[in-house]
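Note sheet for the following structure.
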C-alpha cells in the first residue's frame, strides 16, 4: 500500500524515516490504516487519454496499492505550500477560519479540499460537504472547517449584505445591561459574530497550481484498463447468481458490469441504513426490481438483501410466489410474511441487531411498495388511487443540507489597547503549521540512529492464569532483537495508586482481553508485529468472569471506596408525594478516538541512566515518575518532552504512562532508542474509554411538577483496574474483566446528567406537564445550596435558559413540530431544551497548582514555558495572549517551544478544562515579576521601545528570567459530613435542538441547535466557541451514535473507524447558533474567564431528548401510552424498535432459549 511505502511500515515510512529513498514528509498522517479517517489523504493525478484531461482525486494513502500508481502523480500536503515557500490559500483559510485545533486531521482535510479545487475552482456547497465526508475530526465539530471551505464557493458564503452594513459575518447586537431613567444613564455591551476577516485571504489562482509531470503523460494510443472494461457486458439478470453464491477463482477478474435501462413497467430501487449516513457500511441494504404486465400484475420480481448473511441474499422463493399478484396491500402483507420466512436471521448472527435487521427487511419492502405505487399513480392517474396521506411521508428521504451557523460573543471594551489580544478571536498559534503539515507530533520525530520498533503481545483471554509464554518462533523472525516481559523490569512492575494495582506487564495472570503480556523489539515495526503474532501463550481459565455491571453487582465486585451523599429524610418525603416514578437507564461507553494514537519514543542518553522520553501525554510529570520508578532511577534522570499531541480527551494519562514504561524497559535492556506507536486497532483494544453506566432511580413528585424526593444509584463499569475511575466517579465503580476505563471529557457528568434528565422526562410524562415546564419548576432560581451544601448563585443559569428559549424560538417551533407530526405518519419531529450546571474544580489544592518559566532575550523576544499540554484546546495560544497583555508586547514577540519536565517540574495533568485557569495564573505571575523589574527603566525612559528597555536591563544586570507560580484552588470535600466546597465555580448553559426521525428505519436528521453558554469573559472567542462546538458534536456521538461492542468473552469488536462510528460533517445540525453569555464575571479565574473545554459535551444530550420527544410523538399517535425509557446511545436501532408498528409486530422474536448473542450489552 502507498502508506506502507511512504513510511516503511505503512505508506508513510519512506516519507518519515531513514532509507535509500527517504524524503521524510511527515504531513501525511497515520490515523487508522483502514481508510476510515482521512488523515492520510493525498491527491492522485493522472492523464486520461480518452478525455485528454488531467483528472485529480483525493485518496486514502493507506488503501492505495503501489501497482495502481503507474503514470500517476502523488501530491502530499507539503507539495502544495509551506511556511518556507508560500502557504496555499486552502491552508491559509483553514487555519485563519480556526478550522484547526489539535491539527492531526488538518493535512487530510487540506488535501481533500485541494483535490476538489483542482477539479472545481469554484465548488458548490454540496461538493464541499461531499469532499469532506470521508475525513474525521474529533475536535472542531466541523463548523470552522466548513467556514474556511465556503470562502471558495461560487455561491455567496454569507448574506451578501455588507454594502448596507448588515453582513451576517459582522453582526453586532447591542444589549442593554443597565438603565437609570432619572440620571439618564444606560450601559450597553456589543455582541459580535465575526471570527475571521475574509479580506485578509490571498486569492485562489488556478493558473499557479502544480503542473502535471510531463514524463507521466501517456500516449493516447496506450492501452487503458477502462477501455478493456468496456468490452464485456454482464446483464442485470446474469448478475444474480454471481452476487448470491459464486466467487471468483484466483485466476479470474471481474471486467465489467452492465446495468441496462429499465423497461416500461419496470421499477428499480435501492435502500440502505447505516449507523451513520456517510462513510459507513450499511447495517442492512436492499435492491428491489419489479416488472409489470397488464397494469399492475407482477411478471418479474427480484429482491436482494445485504447485511443479513455472509453474502448478498436473494429472496427467490418469495418473488416466485408473488408472480401474477396485483400490486396491492394484500400482496404487501403476503410479501412481508414470505420474505421473513425465507430470510431467516438467527439470534446469534454476526453483527447483532438481529430484530432491527429483521424489521429493516420488511420496512424496505414497504418503502419499495409505496415508491412503485406512487410511480404507477403518476403514469396512470385514473387507474390507481392516491397513496394514503399518512403514508406519503415514508417516501420523503432526508436531504443533507449545507450547515449554516452563527457565533456570537461580546466585543472587547472600546478602550482596550489595540495591541492587547485578550478577548479577541486569535488564530491558533500552530494553525498554519497544522495546515502545511509542518507541525511535529511524536511519530514525526526523525529516526534516531539504530532505533528499534516495539510491538506488544496482548492477552486473548479475559481472566486466566498464564501457564507459559513461548517466544522461540518470534525470536527467529529476521530483525528481531529481543522479547521483553515482566522479569525484565528492573524495579516496579506494579503501581499502587489505589488498593488495586496497575500493571506494566501481566506477570502470573491476565485480567482482561488486551492486557499487555510481553513486547517484541525489532529493527522495524513490520518485523516487530510479525514476531509478536508468533508468540504463543498458554492459559488456564479462571473464575468468575465478570464483564457487565449486572454481573459485578451479583458478585459484589467493586473498587473501594464506595461513597454516598444524603440530604434530608428521603423516606419521609416519599410518604407525602403525590406520585412516585421508578426506573433505570443504561448508558454505553465511548472510545476517545483521538486522531493521534498512543505514541512514545524513548532515547537512552548513554550515561548515568538518563533517558529522553518523547510522548503523547497529558501528564509529563506522571510519565517521568512512572518510568523512573519502573527503571529504579531518580526522577531527575528521566526527561519527558511534549511538543503537542493529536487529541486526548482524558485518554492519555495512566495508559500513556504504562506504555511509556514498556518502551523504557525495552530501551533500557537493549541500549537502543525504542519507538512504540500503537496502531488504531490495538489502541482501541488496550485502552479504555468512557465508563458504561447504569442509573437506577426513584423519584417522588407532586402533581404540579415539584420534585420532593430523589433516590439515585449510579453504577460505573470501571474495568479491571482502578486507573482514574475513582477520581472520575466517587460513588460506585464496578470491577470487571474489561480494559480499565478512564477519564473522558466531562469526567462522569455526561452520564450522571443524562440519568437526571431521563427521570425528568418520566416525571413529565406521568404528571402530564411538558419536560420544559418540569425543568423550569425545579430549576435553581435564587442563591441556594447544592446537595453537598456548596453555595450557588443561579443568575447566569436562568439567563442562559431564558436567552436560549428566546433565541431558539422554542415555543413557536414546538407548535410547528406538533403541527408537522399531525400531518406526517412515518416522519416525526422532536424538539428539546436542556439546561446545564457544570462544576469546575479539582477538590484538592495540590491538583491545580501550576508553574511557568519566562525568559526575555536581549533582542526583545520572549520564550514562554509552562506545564500545560497543547492537545487542541489552544492553551499555548492563550498563554501567549496572557504574556502579551502582561508584558504589553505583541504576540509575535512571544514563542512557546515545548512542555518539558526539564523546565517545569512536578506539573499537574492537563485535565478538567483547568489548563488555562491554572497555567494562565502562573504565566501572569512570571510576567508581572519581569515587568516589575523593568519598571524603573521604563519610568526613566517612558518613550523608549521594548527592545531598548530590555537591552538596558541587561546592561544593568537585571535578571530577565522569571518563574511564575499558582498554588491552586482551595477546594475540599468532607465525605463523612457529606458537605464541602469541592468546586471553584460553575459553568452554565442551555441548548435547544430539533430533529426529524424516519419511523421506518430509525434514521434521523439534526435540523437545528441553539446554544447559550456562560463561560465568563472569553480570552479567545474563536478558540472557546470551537471548544463548545467540538464538545457538543462529541456529545452527539456519545448519545446517539457511538457504540462499543464486546464478545461474550470480553473481546472488543469495534476496533477502528470501520466498526466504530464518530460524527462526520453531515451529522452536525444544519443550523447551529452559539452565543456566549454577555457580561459574565468570574473573579476566581484568570481575566474572569472559565475553563470550558469539557462542559459543552453534555449539551449534546439535547439531541438525545429531541429524539426522545419525536419517539414519544410516534408512540402517542399509535396508542402506546405511559412513560418509557430510551437508553444511550440512541441509535437508529433503538429509535426504530421504539416506534412499534405492524412491521415490528410481524417479525419473529427470539425467546429466552439458549441463544448466544454475538455481542453483549456492556
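Along the chain as shown, residues are numbered 1 onward.
A Cβ is built for glycine as well, from the same backbone N, Cα and C atoms used for every other residue.
Among the features that TrEMBL reports, [2Fe-2S] cluster 1 binding site is placed at 32, 37, 40, 62. Annotation comment: TrEMBL describes 102, 105, 137 as [2Fe-2S] cluster 2 binding site. Annotation comment: TrEMBL describes 254, 272 as FAD binding site. Annotation comment: TrEMBL describes 269-372 as domain 'CO dehydrogenase flavoprotein C-terminal'. Taken from TrEMBL, the feature domain 'Aldehyde oxidase/xanthine dehydrogenase a/b hammerhead' covers 436-543. Annotated Mo-molybdopterin binding site per TrEMBL: 618, 649, 745, 912, in sequence order. Per TrEMBL, the feature substrate binding site maps to 747. As annotated by TrEMBL, active site, proton acceptor applies to 1094.
For residue 649 (Mo-molybdopterin binding site), the number of other Cβ atoms no farther than 10 Å from its own Cβ, over all displayed protein chains, is 28.
Ranking the recorded positions 62, 272, 649, 747, 1094 by Cα distance from residue 102 ([2Fe-2S] cluster 2 binding site) puts 649 first.
In this view, residue 618 (Mo-molybdopterin binding site) is surrounded by 24 other Cβ atoms within 10 Å of its Cβ, with every protein chain counted.
With respect to Cβ neighbours within 10 Å, the binding-site residues 272, 745 differ, and 272 shows the lowest count. Cα of residue 1094 (active site, proton acceptor) to Cα of residue 254 (FAD binding site): a distance of 51 Å. Rounded to a whole value, the Cα-Cα separation of residue 137 ([2Fe-2S] cluster 2 binding site) and residue 37 ([2Fe-2S] cluster 1 binding site) is 8 Å. Within 8 Å of the centroid of the Cβ atoms of 618, 649, 745, 912, where the record puts Mo-molybdopterin, the same chain has further Cβ atoms from 648, 650, 651, 743, 744, 747, 871, 910, 911, 913, 1093, 1094. Note: the Cα of residue 618 (Mo-molybdopterin binding site) and the Cα of residue 37 ([2Fe-2S] cluster 1 binding site) are spaced 23 Å from each other.
DSSP labels the residues of the domain 'Aldehyde oxidase/xanthine dehydrogenase a/b hammerhead' (436-543) in these numbers: 19 helix, 39 strand, 50 coil. The Cβ of residue 37 ([2Fe-2S] cluster 1 binding site) lies under 8 Å from the Cβ of 31, 105, 108, 135, 136, 595, 1057, each on the same chain and at least six residues away in sequence. Sequence-distant contacts of residue 747 (substrate binding site), defined as residues of its own chain at least six apart whose C-beta falls under 8 angstroms from its C-beta, comprise 650, 727, 728, 911, 912, 1094.
Other than the site residues 102, 105, 137, same-chain residues with C-beta atoms no more than 8 angstroms from the centre of those residues' C-beta atoms, the [2Fe-2S] cluster 2 site, are 100, 101, 103, 104, 106, 109, 136, 138, 139, 140, 595, 646, 647, 872. Residue 102 ([2Fe-2S] cluster 2 binding site) is surrounded by 30 other CB atoms, counting those within 10 A of its CB over all protein chains shown. Considering only the binding-site residues 32, 40, 62, 649, 745, the residue whose Cα is spatially closest to the Cα of residue 254 (FAD binding site) is 62. The two recorded residues, residue 40 ([2Fe-2S] cluster 1 binding site) and residue 649 (Mo-molybdopterin binding site), have Cα atoms 22 Å apart. Rounded to a whole value, the Cα-Cα separation of residue 745 (Mo-molybdopterin binding site) and residue 32 ([2Fe-2S] cluster 1 binding site) is 22 Å. Counting neighbouring Cβ atoms within 10 Å of each of the binding-site residues (62, 137, 254), the lowest count belongs to 254. Looking at 32, 40, 105, the binding-site residues in this record, the fewest other C-beta atoms within 10 angstroms of the C-beta turn up around 32. Taking CA atoms as the reference points, residue 32 ([2Fe-2S] cluster 1 binding site) and residue 649 (Mo-molybdopterin binding site) are 18 Å apart.
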